[in-house]
Amino acid sequence: MPKLAVVLLVLLILPLSYFDVAGGQAAEGDRRGNGLARYPQRGGRDNEAECQINTPGSSWGKCCMTRMCGTMCCARSGCTCVYHWRRGHGCSCPG
């Protein structure tokens with residue numbers, strides 16, 4: 001197999017590393033960035049979401065309405081966040 005074909009095959013398979021080998025599901029984002037939305041940290045919203053504060057003392061943060069995993073949001077709230085050596089964080093979802 002020519003080297004270019006091997007490189008293209010590797011680049012095609014590389015995104016699959018975001019999936020859990022045991023049948024997990026990829027972390028779901030907003031297709032525009034890291035999957036995190038900006039929500040006010042006040043009111044009832046901060047009780048429902050897992051958030052990362054942008055800056056200390058700020059009323060804005062990056063939040064997930066399901067489960068935050070690294071810098072991404074999992075697809076459903078029942079997912080667990082797992083860390084794969086050399087691949088980073090990913091969501092493992094039941095079913």
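Every residue, even glycine, has its Cβ placed from backbone N, Cα and C.
Copied over from Swiss-Prot, here are the features:
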- C64-C73: disulfide bond (DISULFID)
- C69-C81: disulfide bond (DISULFID)
- C74-C91: disulfide bond (DISULFID)
- C79-C93: disulfide bond (DISULFID)
- E50: 4-carboxyglutamate (MOD_RES)
- P56: 4-hydroxyproline (MOD_RES)
- 1-24: signal peptide (SIGNAL)
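Comparing Cα positions, C79 (disulfide bond) lies closest to C91 out of the disulfide-bonded residues C69, C73, C91. Residue environment of C81 (disulfide bond) contains 15 other Cβ atoms, counted within 10 Å of its Cβ in all protein chains. Of all the disulfide-bonded residues listed here (C69, C91), it is C69 whose C-beta has the fewest other C-beta atoms within 10 angstroms. Distance between Cα atoms for C69 (disulfide bond) and C91 (disulfide bond): 7 Å, as a whole number. Of all Cβ atoms in the protein chains displayed, 20 besides its own lie within 10 Å of the Cβ of C93 (disulfide bond). The disulfide-bonded residues close to C93 (disulfide bond), defined as a CA atom within 10 A of its CA, are C74, C81 out of C64, C73, C74, C81. Of all the disulfide-bonded residues in the record (C64, C74, C91), the one with the smallest CA separation from C81 (disulfide bond) is C91. The Cβ of C74 (disulfide bond) has 26 other Cβ atoms within 10 Å, all protein chains considered. For C73 (disulfide bond), the Cβ neighbour count at a 10 Å cut-off comes to 26, with all displayed protein chains included.
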